[in-house]
Each structure stands twice: as structure tokens, then as C-alpha cells.
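Beneath this line is the structure, given in C-alpha cells, with notes to follow.
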């Protein structure tokens, strides 16, 4: 089995508690040589280390408990640290569906060196899969989610992906021009999963989706449809994006859409 994990901490049983994300990141940044499964020092560690030192360290939320859950996509075993204490620390059905689609359509999507931003990345599964497929990924979410997100990204991509994912704060609809100026940031794909549910920020979410979409940008959005407000959002989405239903997953009530921003 091909496992894409840092040797700093090997995966344990499903549901086994893990150490603090911040503590693991600090240990990685001290420069201890990385070893392969035979105990040999990896030659690539010197190339990765400068990137680690340049990372912004996000302080993890101190949830009472974490569990680790095992997934397999793109030929890799992926271990995600999750907590049921936060919506943003759990892998939801839309993320699973989107990962499945990315895996099954990898050749068509051609993520190799593509610039990708994920909205509402949560614990990071979708961003990890996109990174494994070769993309340059920026994973975004609210501040309290970023510590665990960064932990999972580094844990599953360090030394086994072409590009180390970046983590950035993104509050929907706020400071977009300042934090993501169009002159400096262009994305081939914008990814989102289960970002639409019963909350009060749907208009700001749509504003953010529109802002991040430039000519040539493809938005892939997977969502479990639970409430009437989900369909109301979809109607608004279709007004500003040329929308294609790419896949449906009846067992989980997830629909996956492709959106291209309308420019006329």
C-alpha cells in the first residue's frame, strides 16, 4: 500500500487520539532529518526544509479530542485528523464525492502544476488529493480551522508531492481585494465542497466564488443538498455561472457542479 505520510508520526488505528497539530509542525520545522521506511535519511529533506521555514504557523484550536480517519484516493492512503467539535474539522460527504471525481477524471482535469484554491477546506482532504495529483494548492478557511488544516496538509503531502500546499485565511466576502488581488492571484480551478448549508453567509460565499473566478477559471462545487436554502443558492449560482451538473451521488444526496463565470 502506498502511504503518503510524514515519518514524524505513523498512522495508528481508526479513532486513535493524536498529538497537537502545532506541536508536530514545530518539530518538523526544527530541521530534524527525515527518514524513509528503512530508517535512511531522505535526500529531498534539504529541499523541503526552506519551504517549511517560510510557512506561517497557525495555532490549532484546542479541541478536547481528535481522531484520525483513513481515506484512500489517487493511489495514496491519506490520514486526516478530525474533531466532531467543529464543522470545519470533519470530512463531509461533498468532500468525499469531489475527491472521487478528481481521482476518476485526473487525466481530463490535468491538475499537473495547475493553480488551485479551495474554499472552506476544513480538514483538508480535497486539497491533499489535488496536491497528490500535482496541483499548486492554496487551501483556505476561517482562522480557527487553519491549525488543523495545515497539520493535515503537511502530514500527507510533505516529501511526496511536487508542490507544498499553502494555507491562507479566507473569510467569505471580506478583504478579497487586499488578500487576493486579481493582479497577483489567478486560479485555474476553484474547489468547494459542502460549503452550502444552513448559515447566514450564502451571499458572501457567492460573492467570493465570483471574485475568485477569472477568465479560464473552472469552479468545481460538490454539495449535499439538505435544505430548501441549498436549492435557492443553486438558483443564484446559475444566474452568474454557466453551470453543468457533472455527477450525482444518490446514496449521499450529493450533486457536483462545474461553474464558469458568465462574462456577458
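Cβ coordinates are placed from backbone N, Cα and C, and glycine is handled just like the others.
Owing to the predicted nature of the structure, the values given are computational and were not obtained by experimental measurement.
As written in Swiss-Prot, here are the features:
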type     : residues                         : note
BINDING  : 92, 120, 121, 122, 141, 172, 193 : S-adenosyl-L-methionine binding site
COMPBIAS : 1-10                             : compositional bias 'Polar residues'
REGION   : 1-46                             : region 'Disordered'
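Taking the features listed in Swiss-Prot, we show where each one sits on the structure.
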| residue | record | contacts (Cβ under 8 Å, 6+ apart) |
| --- | --- | --- |
| 92 | S-adenosyl-L-methionine binding site | 122, 193, 194, 224 |
| 120 | S-adenosyl-L-methionine binding site | 88, 140, 141, 192, 193, 194, 195 |
| 121 | S-adenosyl-L-methionine binding site | 127, 139, 140, 141, 145, 149 |
| 172 | S-adenosyl-L-methionine binding site | 119, 201, 204, 205, 207, 208 |
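Residue 141 (S-adenosyl-L-methionine binding site) falls within a strand when secondary structure is assigned with DSSP. Residue 122 (S-adenosyl-L-methionine binding site) has a Cβ environment of 28 other Cβ atoms inside 10 Å. Around the Cβ of residue 193 (S-adenosyl-L-methionine binding site), 28 further Cβ atoms fall within 10 Å across all displayed protein chains. All chains included, 26 other C-beta atoms sit within 10 angstroms of the C-beta of residue 141 (S-adenosyl-L-methionine binding site).
Residues listed for S-adenosyl-L-methionine, 92, 120, 121, 122, 141, 172, 193, cover a largest CA to CA span of 19 Å.
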